[in-house]
Structures are given as structure tokens and as C-alpha cells.
Amino acid sequence: MNYHALAWVGIAIFVYSLSVRQLQRAELTGPMWFVLIGISLALGFDQTLLLNQLDREIWQPLVELTLAIFLFSDAAKTRLRVLMESVHLPLLLLLVGLPLTVVFATVMAHFSLGLSWLAAALLAIIIAPTDAALCRGFITAKQVPANLREAINVESGLNDGLCVPLFLLAMSAFNNPEELSGASLLAVFVREIGIAVLVAVTFTALAIFLISKAKERHLFAQSTSPFLFVGFAITVYALTQGLHGSGFIAAFVSGLLFDKFYHDAFKDQLIEEGENIAELASVLIWILFGFISVSTIMSLSWETVFYALCAVTLLRIVPVVLALYFSRESWKSKLTLAWFGPRGMASVVFTMMLLELEQPEVQTISQVAVCTILLSVFLHGLTTRPISLSFSNKS
């Protein structure tokens, strides 16, 4: 254990907590800060030694569990009833913009990077989900029209859940191109989804019943309630994985079921407190991502950088503008929605899961994904405040 590196991580978390408002005024978001800390770790310490000490058996479950918790909480706070009443923008982004983004990114990856169609599709799916946490300043800015903030927030909350089954299917096909036929691959995929839905429905119904009874009998304690949804999300994820289903899908479906069937003011508090616990894990993941990204940055080709720039800009902007073309929103609103598609936690987790594979195209896919995420963290982070302020003068 390198205690000097660990101390540096602790100092970074302490300083960020101490001066978060000042950092935000300097347009330095949390992900930007912790990615920079990870990069500084790689540059200031023996990277090979630290990598040897980082046991994949430890950090891989942490990464996956963190995504499972966020999938659950994002789905649980979606408020589908409200979404159905203002269905316009979020559904256009999810049902038109997202598929177009995947298609455009796949085609460009195949022709510009020389990837096989399957590898190109896998890359496109990895960099498709958005993460509103990277543009939190925009989401919370009161001067920005509420429908724009809600659209970006809802899209971010649901598109990672929609991308999970696509990612798992593409990764299985990519890892076993010869062993699995299309029919058998589809059968495995359906089985994983079926197990996930069964576990989600069963344990969500049980959890809602137990929570309601515990609340009636005043069994909750303020000191332990933050762990409730975290423990539930971990349980659903782990049980589903143990039954050879998709834990990510189970966590996402459980969140949607909680949103639909658990109606209590206490729910929002539970979700928020659970997310606060998961935030610490996400901090560590961003540091780990920054640390790992250094070796990738050192070996980038111009084709990789060019594709990553297109992924952050054109491959998001063009599909979203097409999706919103016939909407009644102003062009400023359309372009704002098109720009704010930051790649974050889901893309990081997908990339780290991909590193487990030994296929020859994994290196290219991971390099492009890492470069795309890095560019997104900083470009979207730095433009959050200026774009938010541009709505201040809107009459």
C-alpha cells in the first residue's frame, strides 16, 4: 500500500469539500477536479507500482456497484407520471436522438478507425450515455428554462439504463464472435433480462412492503436511513448477477418500480441520502479514471483524437438537432440540448468492464472512449456556466 498516494487522495477530497463553491466559481467541476487528481497521481508516483497494487478484484466490484446504485436512484427519481405529461423533449432525445447517435457513431468508427462493425457498435454504445452530473451547474441554474433542465436531467437518468442491455449484448457478441450464433446470443440476452426483471419485481415489492411497515411502526432511525436504498440496490444487483442475470438492468427496473409504486415524501430523502453515499465511490472512480487515462493519453493517434472530438460535438449535436427539428423549441434551445450530452459515469464503467476482454480491438476502443470522456469532462464542465448565464438576459 502506497500511503503517500492515499494521503494525496484524502487531501484532494478534503480540499474539494472545503472549497467547493470557490472551485465552482472558477468553473472547476467535481469530475474535473478528481480526474486531475488522478492524473497527478500517475505523474507524481510510480504508475507501474500503483497499478500492481490496484487489485482488479477490489476496484471492479466497486465500479460496478456504484453504477448500479446510480442506475437505481436515477430511475427512482424519474417521476414517470410527470414525464408523461411533458413527454415531448425527453422522449425525442431518448427514442430518436439516442438511436441516431449510436448509428452515426458506429458508421464513423467503422470507416475512420477501421474497426469491425461489431467493435464500432460497441464503441458507439459505450460513449452514448450522458451524465448530467458533469453539467450540474446548468441543471441547477434557475435562469435556464425548466423544460430544458428537466429534459437533460431525464435523458441522463434514463439513457444509461437503456444503453445497458445494448452494451451487454454487444460485449457478449464481441467477446464470443464464433462461439455464439445470433439465436443463442439472443437467448442468453433474453434470459438475462428475464432474470433481472423477475428479481427486480420480487424484491421491489418486498422492499416497498417492508419500508411501509417499518415507517408505520417508527422503526427508522435518522442515522441508518441513508443506507436503505444503497443496501437495496446492492442486494438486487448482486442477487441478479449471482443468478446469471443482468444486475444493471435489475437495478434500473427496480428504480422504475419504486418510482411507480412507492408514493411517500420520505422517498426523495432516501434517494438523496443514498446518492450522497454513492458520491464518495464516484469520487474514487473519477480519480481511478484519471490515473488510468495517463497511459492512454501518451499513446494517442490523431485519428483517435479526431474521432473523440467528433463524438463530443458533431456525433451528439447532429442527431439531437435532427430529433428536435420539428419541435417548437427555439434554435438556441435545440443547440443547448444538443451540446449538453456529457459522457460520464456510465461510459467510464463500460470502458473499465471492456478492459477485462482480450480481443485485439479492445485497445483502440478503450483509447477512443477514454479520450472522449476526458474531452467531455473538461469541455462540458467549462461551458456550463457561460451557457447558463446566456439565458439570464432572455426576456
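Cβ coordinates are placed from backbone N, Cα and C, and glycine is handled just like the others.
According to TrEMBL, the domain 'Cation/H+ exchanger transmembrane' annotation covers 14-387. What TrEMBL lists as transmembrane segment is 6-23, 32-52, 88-111, 117-139, 193-212, 219-239, 283-300, 306-325.
Same-chain residues lying 6 or more positions outside the transmembrane segment (219-239) and placing a CB less than 8 Å from one of its CB atoms are 64-65, 68-69, 71-73, 76, 199-200, 203-204, 207, 211, 247-248, 250-251, 254-255, 269-271, 273-274, 276-278.
With Cβ pairs under 8 Å as the measure, the transmembrane segment (88-111) is packed most heavily against 306-325, out of 6-23, 117-139, 306-325.
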